Amino acid sequence: MTGLRIPEAFLYMDYLCFRALCCKGPPPARPEYDLVCIGLSGSGKTSLLSKLCSESPEHVVSTTGFSIKAVPFQNAVLNVKELGGADHIRKYWSRYYQGSQGVIFVLDSASSEGDLEAARSELHSALQHPQLCTLPFLILANHQDKPAARSVQEVKKYFELEPLARGKRWILQPCSLDNVDALKDSFCQLIRLLEEKDQDAARM
C-alpha cells in the first residue's frame, strides 16, 4: 500500500491548517508617502484632512503654522504636512517643500474673484517650483456643496491647467465635506500616481 498512512495524513492536514492560520506572518507594511498640502485660508484643507482621519469637525481649528497628519488608506499611508494659508505665511511655504513626494492643493471653488485669483497665482507658483514641479499633484476644488461653487471645468479653464500642467502628473477633482467617498477616491487616484512615479524611478 502506498501513500500516507491514515494517522500521518491527519497530522499532515493539521500541519497545513496550522500554517494557514498561524504562519502567515504580519501583513506587508504599507508604503508611506510624504506630501505637502497647500491652499489659501478658508479653502478647507484642515477640515478635509480631519474628515479623512475620522476626526470630529467640531474640534477643527484652522492651521496657523503647519501640522502633520498620518492619513491611512488600505494600500498606503499618507503623511500630510499641511501649511497655513494666511497671507503672511504663504511666503514661507517653500521652506517646507523639501522631502515632499506629492502635492495636495485645495481651493475654494465658491470663493470671491480676488481669492480665486490669489489661489491661481499660488498654484502656478507651486507647479513651477523646482522642488515640486516633477511631483504628482492632487488639486481639490472644494466647497462644491455651496450654491456659488464653480464647476471643475470652470476651474480648469480659469486656472489654465491644461497648458500649464501639460506633461505633469496631476488630477483635478471636485469635493466637499458631505461626500467623503468621493474625497477618498480622489486620494486613491493620487496614490496611484505616486505608485507610478515609484515604478518609473525603479526602471531608471
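Every residue gets a Cβ built from N, Cα and C, even glycine.
If you look up TrEMBL, you'll see Gly39, Leu40, Ser41, Gly42, Ser43, Gly44, Lys45, Thr46, Gly85, Asn142, His143, Gln144, Asp145 marked as GTP binding site. As annotated by TrEMBL, Mg(2+) binding site applies to Thr46, Thr63.
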Message = Can you tell me the CA-to-CA distance separating Gly39 (GTP binding site) and Thr46 (Mg(2+) binding site), as a whole number of Å?
response = 10
Request  = Measure from the Cβ of Ser43 (GTP binding site) and count the other Cβ atoms within 10 Å, all protein chains considered.
outcome  = 24
